[in-house]
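The domain 'SMP-30/Gluconolactonase/LRE-like region' annotation in TrEMBL covers 16-264. Residues or ranges marked as divalent metal cation binding site by TrEMBL: E18, N154, D204. TrEMBL lists R101, N103, E121 with the feature substrate binding site. Summarising the annotation, TrEMBL assigns active site, proton donor/acceptor to D204.
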Amino acid sequence: MSSVRIECVAEERCRIGESPVWDEKEGALLYVDITGRKVCRWSPLTRQAQAIAVDAPVSSVALRKSGDYVITLGTRFAALKWKEELVTTITQVDKDKANTRFNDGKVDPAGRFFAGTMAEEIRPAVLERHQGSLYTLFPDLSVVKHFDQVDISNGLDWSLDHKTFFYIDSLSYSVDAFDYDLQTGKIGNRRSIYKLEKEESIPDGMCIDTEGKLWVACYDGGRVIRLDPETGKRLQTVKLPVDKTTSCCFGGKDYSEMFVTSATDGMDKEWLSRQPKAGGIFKITGLGVKGVPPYPFAG
């Protein structure tokens, strides 16, 4: 095992840093600060992050085939033009609900944007239950709702053969798998492949590596864990110097670096003084595995 190194590359003090995505064209890391209401892009060359402020909680960002980005903003799917700092609504979901917002989102191998909702939090991870749903925005800009009764719609990714969709509803403390039809984007046959242990706390964002193993950021667990979706076994734990680790992705020149976002919401002064890098963006090297480049939204 090569030696694992963890470095805080951006001391951003995000309120809820989330949705890290490597933008190969820009050679930069995209991410959002949900309650800070901004979309950020961090450059390893300048070691600086640029931010675009938005008018609602922004919970995920994805690449777009035609250029620029798509985001989930409040209960809207929206387009973001970076240079112009221009946000335009594509469509809205959960119109019958007053207090929900989108949470995590990711693009599937066919270019569809999957994203789910949750109730607005009273405090971190404290919210009205079963208010969320999972949606897909298709390249023709139509939306399909897969299911509802979700607590906190979170981490998502697809197996290397594109036949399985992995998904996390955080308060179930479970990583789930579905059969996946790449042609239609339909999912079915839900099952749990891993139940989190007490010290791992709450499963949050997730990504996959080129060996088909899953990496899950554990909110309040201060770690990312590597899972084998075939055996349901945990293979590796990487602990970080902050408790509120929120999501992870692979990036860098050859996708051998892992980036991990974190949060500060819900932390008091004493807690923050013990974890001065809370809310920062971390880079993990030496994992000995590489990640899969993100898919762009085809619409």
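Note that Cβ sites are derived from N, Cα and C of the backbone, with glycine treated the same way.
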Winner by Cβ contact number (other Cβ atoms within 10 Å) across the binding-site residues N103, N154: N154
Minimum Cα separation from N154 (divalent metal cation binding site), reported as the residue among binding-site residues R101, N103, E121 that achieves it: N103
Which same-chain residues, if any, lie at least 6 apart from R101 (substrate binding site) yet have Cβ under 8 Å of it: A56, P57, S59, G74, T75, T117, M118, E120
Cβ within 8 Å of the mean position of the Cβ atoms of R101, N103, E121: remaining residues of the chain near substrate: I34, P57, S59, T100, F102, T117, M118, A119, E120, L127, I152
Env. residues of divalent metal cation site, Cβ within 8 Å of mean position of E18, N154, D204 Cβ: S19, N103, D104, I152, G155, I168, S170, G205, A217, Y219, T246, S247
Lowest local Cβ density (other Cβ within 10 Å) among binding-site residues: E18, E121, D204: E121
Per-region confidence, the domain 'SMP-30/Gluconolactonase/LRE-like region' (16-264) (mean pLDDT, whole number): 97
Distance [Cα-Cα, Å, rounded] between N103 (substrate binding site) and D204 (divalent metal cation binding site): 10
Distance, D204 (divalent metal cation binding site) to E121 (substrate binding site) (CA atoms, angstrom): 15
